[in-house]
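Take a look at the structure below.
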């Protein structure tokens, strides 16, 4: 059964490594050393719920609810555009230290709300966990399925905590004004690129719904 664990771990790692909104947010919180371990835990727990739902039967709900997928897609587009605008606005601020200080004043609950939006309003998360993992893990017998899910979840926990701790460790080098400007520009551009990609997918999806 251990082979199914490593299959799940490898697939989970392959899907989570690319830089996306969730990884960018965890990295940013790590650099700020602001609730970064709590955010890593909440991201990993969110993945646990999504992965379990996808592998153990939740994929059918998404596949049978095209309007739900469309709603999540356009909600994600709006959020990513807003979040990217905030990052670019901070990067372009004439007083970057003051702008960064304002961001640091964000309370715990606002940070948690942002993390939940970054995770649950990203339709790619549902495609990864419900469609990809659901189709591969869902066809296994119950015992191999559990090991496969455990491997995928382990990859998520290891990645998010590793990313948060690494970013916090590198924080002294990455909290300079120049580094912060580059990071905020990178985060803003990534958020907008993903938003435009989602918008294209959303338009195609809506076109398919009405035809």
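Positions of Cβ are set from backbone N, Cα and C atoms, glycine also.
Taken from Swiss-Prot as is:
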TRANSMEM  1-21  transmembrane segment
TRANSMEM  37-57  transmembrane segment
TRANSMEM  68-88  transmembrane segment
TRANSMEM  111-131  transmembrane segment
TRANSMEM  147-167  transmembrane segment
TRANSMEM  179-199  transmembrane segment
Point to revise | Within-chain partners of the transmembrane segment (179-199) [C-beta distance under 8 Å, separation at least 6 from its ends] | key: 19-21, 24, 27-28, 31, 73, 76-77, 80-81, 83-88, 90-91, 96, 100, 122-124, 173
Revision key, fill the gap. With the greatest number of Cβ pairs under 8 Å to the transmembrane segment (37-57), the stretch among 68-88, 111-131, 147-167 is 147-167
